[in-house]
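Straight from Swiss-Prot, the features:
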TRANSMEM  27-47  transmembrane segment
TRANSMEM  71-91  transmembrane segment
TRANSMEM  93-113  transmembrane segment
TRANSMEM  134-154  transmembrane segment
TRANSMEM  174-194  transmembrane segment
TRANSMEM  205-225  transmembrane segment
TRANSMEM  245-265  transmembrane segment
TRANSMEM  268-288  transmembrane segment
TRANSMEM  297-317  transmembrane segment
TRANSMEM  343-363  transmembrane segment
Amino acid sequence: MLIWLVELADHFQFFNLFRYITFRTGAALFTSALIVFLFGPAIISSLRIRQGKGQPIRADGPQTHFKKAGTPTMGGLMILAGIVGSALLWADLSSIYVVSTLLVTLGFGAIGFYDDYLKVTKQSDKGFSGKARLGIEFVIAAIAVFFMMQAAQSAGSAGSTFGSSVTFPFFKDLMLNLGYFFVLFGGFVIVGAGNAVNLTDGLDGLAIVPVMIASAAFGLIAYLAGNAVFANYLQIHFVPGTGELAVILGAVIGAGLGFLWFNAPPAAIFMGDTGSLALGGLIGTVAVATKHEIVMVIIGGLFVIETLSVIIQVFWFKRTGRRVFLMAPIHHHFEKKGWTESQVVIRFWIIAVILAMVGLSTLKLR
């Protein structure tokens, strides 16, 4: 919204700053962090009163988790307030990429909120029907992908199929045109990302820091892919308008820092599905917009590992009646092996940093 102040730059040189994505990204980070810091205590207090017993703890989980009973959930509301409030101030709301990303973020956040609500009111770890939840998520994601695909298509040359194509790291000219099936592919990527972060969110601070790391990596990718000069230099695909997504990702980092202040062990609040689904969906949407869906598998590799551990566990148990891991997702497996919660969290953070660096290295390896 404040980008409109650029029109005053002819009269006041200061307002020229609002033209620069880098300035607005930094401002968005600061603003979202401030929003969470200021309103976080009141939100936590309100949720604690309204929820009573707080988030239910899995009966088959590690014994150390039972001391967390009574901790309120739905902390994603704080994160969403920071992201959306900051985005409304600093992002270009005329950008279809910004609007699509906010649509997915708020849509997935609403689904997560309802899921959290059911879990708290029923005092059960069984919330929203899995199939219904995935179906609604996919519809929201598909709508966003369709509009982003059309935007990328119209920005290309006449007859271009770029908007509906999947690109590959290491190979600049290799593209696979999926046509309208790209909507299905992009929807799968976004829904997968949302639920992968959701599965990772099982320990204090475990999900939010890798989310911030992935956001920083994709903020850089969005800025570079949206800049013709940098995109040409790095030989990555130029996607006009996606640079604006760096502002949104700056807001994610700021909101994440604010949330981590309250989520640091012992957590005063949990993110809940409200936050994890929204944040994962946001990252997935940016990956689709910037044409870096495959690179997201590397940058968000920690989330992929967590998801695969659940898939393997369920598949193998149904097939043989035995478990591959002591408990899934895999972070609980290591807790059962004797790792302390802080050991699991910090070591997984390290893995997230390494994977983000590997993912970013693909930008130059062509």
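If you go along the chain as it appears here, the first residue is 1 and each next one adds 1.
Every residue gets a Cβ built from N, Cα and C, even glycine.
Tallying C-beta pairs under 8 angstroms between the transmembrane segment (174-194) and each of 205-225, 245-265, 268-288, 343-363 places 268-288 first. Cβ atoms under 8 Å from those of the transmembrane segment (93-113) belong to residues 1, 74, 76-77, 80, 83-84, 87, 128, 133, 136-137, 140-141, 143-145, 147-148, 150-151, 190, 194, 198, 241-242, 244-245, 247-248, 272-282, 284-286, 289 of the same chain, restricted to positions at least 6 beyond its ends. The listed stretches are 27-47, 71-91, 205-225; of these, 71-91 has the most Cβ pairs under 8 Å to the transmembrane segment (268-288). Below 8 A, the CB atoms of the transmembrane segment (71-91) and the transmembrane segment (245-265) form 3+ pairs separated by six or more positions in the chain. Contact check: the transmembrane segment (205-225) against the transmembrane segment (245-265) gives at least three Cβ pairs closer than 8 Å, residues 6 or more apart, which meets the contact criterion.
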